[in-house]
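For 17-37, 53-73, 135-155, 161-181, 246-266, 275-295, the entry in Swiss-Prot reads transmembrane segment. Annotated domain 'ABC transmembrane type-1' per Swiss-Prot: 19-303, in sequence order, evidence recorded as sequence analysis. The annotation domain 'ABC transporter' is assigned in Swiss-Prot to 337-570. Residues annotated as ATP binding site in Swiss-Prot, with sequence analysis given as evidence: G370, R371, S372, G373, S374, G375, K376, S377.
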Amino acid sequence: MKKEEWILPYIKQNARLFVLVIFLGAVTIFSAAFLMFTSGFLISKAATRPENILLIYVPIVAVRTFGIARSVSRYVERLVGHHIILKIVSDMRVRLYNMLEPGALMLRSRFRTGDMLGILSEDIEHLQDAFLKTIFPAISALLLYAVSVIALGFFSWPFAILLALYLFVLVVLFPVVSLLVTRAKNAKLKSGRNVLYSRLTDAVMGVSDWMFSGRRHAFIDAYEKEERDWFELERKKQRFTRWRDFAAQCLVAGLILLMLFWTAGQQADGELAKTMIAAFVLVVFPLTEAFLPLSDALGEVPGYQDSIRRMNNVAPQPEASQTESGDQILDLQDVTLAFRDVTFSYDNSSQVLHNFSFTLRQGEKMALLGRSGSGKSTSLALIEGALKPDSGSVTLNGVETALLKDQIADAVAVLNQKPHLFDTSILNNIRLGNGEASDEDVRRAAKQVKLHDYIESLPDGYHTSVQETGIRFSGGERQRIALARILLQDTPIIILDEPTVGLDPITERELMETVFEVLKGKTILWITHHLAGVEAADKIVFLENGKTEMEGTHEELLAANERYRRLYHLDVPVK
């Protein structure tokens, strides 16, 4: 399935059900039309005071039949239509997730949280309206348009042609004009809604910052102003919509008068019975009800196109998903991680890494230092295979990481700033590192990270729920649970991605001592932005502006590099 196609493939996959929905929609409209037609005939016939009820028994039965048929077909149409749409939306969500997953590690660098939430919720939901409010009604209305003109042709071809031209204004001209007028308005509304979504999401996630800075009123005022501007655009669009609908209703009124004039003429010429005048006039109402929504339906097309564009944009960048044919088998014995003249940039922007190189052999510990934005997180994404360098190579035992796919998880484990803990037991959270681990294996890992005694002191022990995101535990305890998970995973390479951020100095020191103690013999890449504890590393690489600024052991740099010495003493003051 091509990534650009979010409508046609699903129509092809569900073609029979789509035909059924359109058929049921047509049956509903025609039942409503015949209901009004027979009702008009019945009223007129009853007004002639027939001598016997049997003379109007057939139209009475027809009214009842078409009334029931209209209700039943409408119900079944909605039932089948929503069944299809819910299935399609479900498939779309899975497809969108599969597009997101290969580049999941870099989503935060490509999208703001609010934008991503808008894509995952609003854009997917918006596309279901493409079927329910545009495709189904449009096809049913066009089918009705053709059948109505042909049916009227059996009575009078000149009037049928006149009616076709008249309805053409309602079926084609009005929707096209509506599309042209509302395209720009819809684009601004969609863009404004996405901005509001993003702003509000960011504000909710950073509400403490707004509160502590004392600028919450400034944010609220600015947000409310943007919201008022958005509602003003919405009012302008609604104003146009009301005038357009009023004009359409005037056209319908003209059509009713036209039908009344024609039927009166036909009756005067003896071509039509008096009892048929009301029937022909009343049938106009349900028919035009099917045509009126077309303007709104076509006016929403630009919104659907924008949703499709935004959903296609979540596809991973070529470097994030590019793989070559043929599976690469990684030897997990004595794994060596190597960066060789790696250069990388995002979307042809300035280079994040430039000719960056280092080699980390089995059992070595390396600290990768650098300020925010220096390329540390990009280096991590390259190691995990989420990105591919523009030039140079990132390899594990000579195999490029971008080709290893799921094998990366067998070679590399990451202890990051905020390890995710699921709302289940401690036992299950630790066992995520190895689904085949026994309860005893989990307890052994917990003992190694010095968490066993604390867990046993809890009322439910290892079956204690950590609650959503692990809020039951402190930052240091969450990191120890994640570390126990890594021990069960038992990978040769461990990446520490600033795991002590947000911890107090004592907890930080104790955690790092535990980390280096339990990971003895493992290859460790410690990504950090400050120098406390780096003396435990076998070598240090200082990354700045994508290039290696300093490299060596702690002792070598402390003795020979004045800048390193100054930075170290800032983080670790001389006693």
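Note that Cβ sites are derived from N, Cα and C of the backbone, with glycine treated the same way.
In this structure, of the binding-site residues R371, K376, the smallest number of CB atoms within 10 A of the CB marks R371. Around the Cβ of G375 (ATP binding site), 22 further Cβ atoms fall within 10 Å across all displayed protein chains. Distant neighbours of the transmembrane segment (161-181): 141-142, 145, 148-149, 152, 240, 244, 247-248, 251-252, 254-255, 258, 288, 291-292, 294-299, 301-302; these residues of the same chain sit at least 6 beyond its ends, with a Cβ under 8 Å from one of its Cβ atoms. The Cβ neighbour count for G370 (ATP binding site), using a 10 Å radius and every protein chain shown, is 21. Cβ atoms within 8 Å of the centroid of the Cβ atoms of G370, R371, S372, G373, S374, G375, K376, S377 (the ATP site) belong to the same-chain residues H529, L543, site residues excluded. Long-range Cβ neighbours of S372 (ATP binding site) (same chain, at least 6 residues apart, Cβ-Cβ under 8 Å): H529.
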